[in-house]
Amino acid sequence: MRRAAVLTAGSWGSVFAKVLADAGARVNLVARDPEIVRAVNTRQVNPRYLPAIQLPDRVRAMSDAGEALAGAEFVVLAVPSQALRSVLAGWAPLIGPDAVYVSLMKGVEVGSQLRMSEVITQVTGVSPDRIAVVSGPNLAPEIAAEQPAATVVASTSTSTAEAVQAACWTPYFRPYTNTDVIGCELGGAIKNVIALAAGMLEGMGFGTNSLASLMTRGLAETLRLGVALGADPMTFAGLAGLGDLVATCGSPLSRNRTFGEKLGRGLTLAQVEAEQQQVAEGVRSCRPLLAMADDLGVAMPITRQVERVLYEGLPPMEAVKDLMSREPGPEYRLRP
């Protein structure tokens, strides 16, 4: 029986623990909250994030990361992207030398501009061949309810990707493999920023044409930056690109879309952050993504306007006007 450790017991981490267990693994779920540990181990429920979902008996919760990581073949990392470096530094000495690292995170680190797999390598020294990235249209509540969904498992090592694929394949969760880690991680990070913009449109009362235009041009930004960084353009037409973008921009279950909707209704960044407890990754990722684009001479006008709304106090309606008043040009332009 496969053994996995999931760190930590947030919404997506808990759901992925369920997926792994339903696929046959024994799963240790790390939770800091003693109440979550008790509830999972006595009632198979995570009362904070998945109160209506019964977790499989093969999922056990614990607060001791060392205990959870002992003997784990797969170490699944599901923490806020900006916290990864600090928490992984403490966990790294506890992880076995042959374990595969599985990243569920969708963000870019502020300051370093590193993708999450790059942070894992930098902190642990592990080879990229032992890291897999899971990315796709994976809204946690729907997967928890066992609604059919697909995802991408990306690794520079085909055998690593296939091992993780086998470990998380269930009747309701279908993983595909890919070797384009750059494209899959960028797709997951940038779609959060575009989803903030999609939420702003919703909050301002705009309709389907506006949303479709935003999503399509947001995908163009993603493609341009991805190509400049060496990603495969086809990745962005797949689950980790278009698929994730559609789910995150279109669903009220999306944290980033919900966050953006509140901004579109007139709330400030500070007000929304005080009101919304769960992390909206696009809020922190937009600046390092813009820095990457600027370094490469890549135009990302939507991302730039989102950054202005978040950090310069630009009214969302003014951001729309600025985007629509830009000089028009050709639709397809991969290179700067």
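Placement of Cβ uses the backbone N, Cα and C atoms for every residue, glycine included.
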Which of these, K191, K321, does Swiss-Prot list as part of the sn-glycerol 3-phosphate site with K106, G136, D244, S254, R255, N256? K191
Inter-residue Cα distance where the pair is K191 (active site, proton acceptor) and D244 (sn-glycerol 3-phosphate binding site), in Å: 7
What number of additional C-beta atoms lies within 10 angstroms of the C-beta atom of A140 (NADPH binding site)? 22
V279 (NADPH binding site) and S254 (sn-glycerol 3-phosphate binding site), compared by Cα position, are separated in whole Å by 11
Chain-internal residues near S11 (NADPH binding site), provided their CB is under 8 angstroms and they sit 6+ positions away: Y49, L50, A140, P141, Q278
